[in-house]
Amino acid sequence: MANSSSPQMTSALRASILENPLRTYLLGIIISICGNVVISISLNIQKYAHVRQSQRGSKPYYTSVMWWCGVVLMGVGELGNFAAYGFAPASLIAPLGCVSVIASAVISVIFLKETMRPSDMIGGTLAITGTYLLVTFAPHTFTPITAHLVQYNAFSWHFLLYLFIEVIIFCILLYLYKRRNMKHIVIVMLLVALLASLTVISVKAVSGMITESIKGQLQLIYPIFYVMLVVMIASCAFQIKFLNEAMKMFDATEVVPINFVFFTASAIVAGIVFYQEFEDLALLNIFMFLFGCLLSFLGVFLIARNRPKIKQQDRNFIAMDRIPGRRHTDKVQPEAKTTTYGSLAAKLMCNRAGDTDDS
């Protein structure tokens, strides 16, 4: 009886192993989509808190309980995205960020009573179609992310060459941006994208090693885990710094689509170079995957384009064009902007959702 049950257990174990990669892949997709939906909900909650506080004009927005609830939800959503990198390819998780833009547009129309434009419907359709193509034709293979694999890939010649080229380009762009004072949006967003590629590599490494540790194969004892953790924190910090500067210098309708395109492209390249995610992938799958990325890019562009900004005047000051004796041709001085965590979260709201005018 023991002999008869042994083959059944073996076959069941083999079936479980064969099904496990697909289950893991689908789990990563579901976690990423749910995380992006939660992020879109959090952004609309924060936006509603901003609008309500500006109408009341009593206390700063960061004193609102609702605003902090939105911040907590954003953290939960980002944690979901972080976990998704441990289950699915980075080249798939990054483009799924368009789900947040689509969900935010729908939520803002239903709950914030914003106007649904024809470009929103067309953009949403394109983005949903692109997401379907991404999920269908993305690499379905799953490789457990272990410390040995990360260390081996980190010292491979193709990644070292990629890292060398990226550092050279980053230094050139930083020189143009800081020394030559070239404040072009493409330069700033390229700096963000180059940092984002390191962020994607390190986030997937850290998330994957934590996942394997939870499964029973402890990976946290290896130094490469902490190296990747430091790279993840540092690259995220500088990425937010440059993104914040971009949001101060340019309109969100410009930053949203460009950042999404550059970030997704850098994540896909990083996944191909470091994790060889497109290895043994059919040419048709590669073409359809890239076509899905293109549709997602166009969808996000249409949703974010021509979004009017929320105009909030400080009630403690009189507008320059209202002062008696002032000519209307005088230029109004730009409003001072801070780089606190609260203002950064508000700017990232625009970066995720392309906010519309609530007035």
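Cβ coordinates come from backbone N, Cα and C, glycine included.
Taken verbatim from TrEMBL:
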type	residues	note
TRANSMEM	25-45	transmembrane segment
TRANSMEM	65-87	transmembrane segment
TRANSMEM	93-112	transmembrane segment
TRANSMEM	124-142	transmembrane segment
TRANSMEM	154-177	transmembrane segment
TRANSMEM	184-203	transmembrane segment
TRANSMEM	223-243	transmembrane segment
TRANSMEM	255-275	transmembrane segment
TRANSMEM	281-304	transmembrane segment
Message: At a C-beta cut-off of under 8 Å, are there same-chain residues at least 6 beyond the transmembrane segment (223-243) that contact it? List them, or none.
response: 147, 150-151, 154, 188, 191-192, 195-196, 198-199, 201-203, 205-206, 209, 255, 259, 344, 347-348, 351
Task: Determine whether the transmembrane segment (25-45) and the transmembrane segment (255-275) share at least three Cβ pairs under 8 Å, counting only pairs 6 or more apart in sequence.
output: no
- request: Using a Cβ cut-off of under 8 Å, list the residues of the same chain at least 6 residues beyond the transmembrane segment (281-304) that approach it.
  value: 91, 95, 98, 101-102, 105, 119-120, 122-134, 136-139, 252-253, 256-257, 260-261, 264-265, 268, 354
